[in-house]
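Down below is the structure, laid out as structure tokens.
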Amino acid sequence: MRAAAPLIMPVLAAVLALSVGPPANAQQATPPPPEIAENLQLCASCHGADGKPVVEKVPIISGQHMFYLFTQLKDYRAGRRANDIMAPIAAELSDDQMKALATYFAAQPWPNYSEVASPEDTERAHSLAVEGQCTQCHLGGMLGDSRNPRLNHQKVDYLAQTMSDFRNGVRKNAAAMAAIVKGFSDADIAAMSRYLAGL
């Protein structure tokens with residue numbers, strides 16, 4: 001990792017202060033490469049040592065698709081995706097470090113997380129999914145592929161925030177998503193988030 005710029009050191013220090021140690025999920029079959037061990041400790045402070053995020057509106061990344069994770073890190077570094085914590089962290093990562101981190105997290109098991117969607121949520125979400133053609137990119141079961149993230153059992157607060165950001169023009173690195181959710185109401189987003197988190 002390149003030397004951290006003075007401007008972002010307070011941010012990194014604040015995140016490290018929350019650190020719960022390096023990932024230690026007993027189910028993990030893939031040990032972390034030594035060259036990213038320090039990075040993983042930082043990741044765990046928000047995304048969780050066991051794969052379950054410990055900070056609100058932070059996504060599950062254990063078990064997510066490798067190329068998608070790699071692309072998001074590059075987007076943070078390039079300014080195509082904004083986040084006060086992730087952008088300065090990604091700015092200090094090389095392409096090789098990003099690939100190593102993405103490969104590591106993609107190899108980990110998806111944590112046990114689920115929400116319960118009401119019948120009303122499910123009905124509304126089905127209607128929105130058909131109209132928005134969600135499965136064309138995220139595939140059956142919303143499990144995604146190398147370029148599109150898994151949404152199945154993703155955290156409900158992260159899903160809601162992400163759809164709101166696309167709708168409101170805050171997130172700009174996926175034009176297709178912005179077009180799909182531009183007509184979603186707050187109630188639509190809430191229902192879809194609970195449905196996806198409970199699949």
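From the backbone N, Cα and C atoms, a Cβ is placed for every residue, glycine too.
The annotation signal peptide is assigned in TrEMBL to 1-26.
The feature domain 'Cytochrome c' is assigned by TrEMBL to 16-109 (among others).
Cβ neighbours of M86 (heme c 1 binding site) (same chain, under 8 Å, six or more residues apart in sequence): Y76. Per TrEMBL, heme c 1 binding site is recorded for C43, C46, H47, M86.
According to TrEMBL, the feature domain 'Cytochrome c' maps to 120-199 (among others).
Counting only residues at least six positions away in the same chain, the Cβ atoms of L128, M142, I180 sit under 8 Å from the Cβ of C134 (heme c 2 binding site). Annotation source TrEMBL lists heme c 2 binding site at C134, C137, H138, M177.
Among the residues the record lists as binding heme c 1, namely C43, C46, H47, M86, the two farthest apart have Cα atoms separated by 11 Å. Most buried of the binding-site residues C43, C137, judged by other Cβ atoms within 10 Å, is C43. Spanning the listed heme c 2 site, residues C134, C137, H138, M177 have a farthest Cα to Cα distance of 11 Å.
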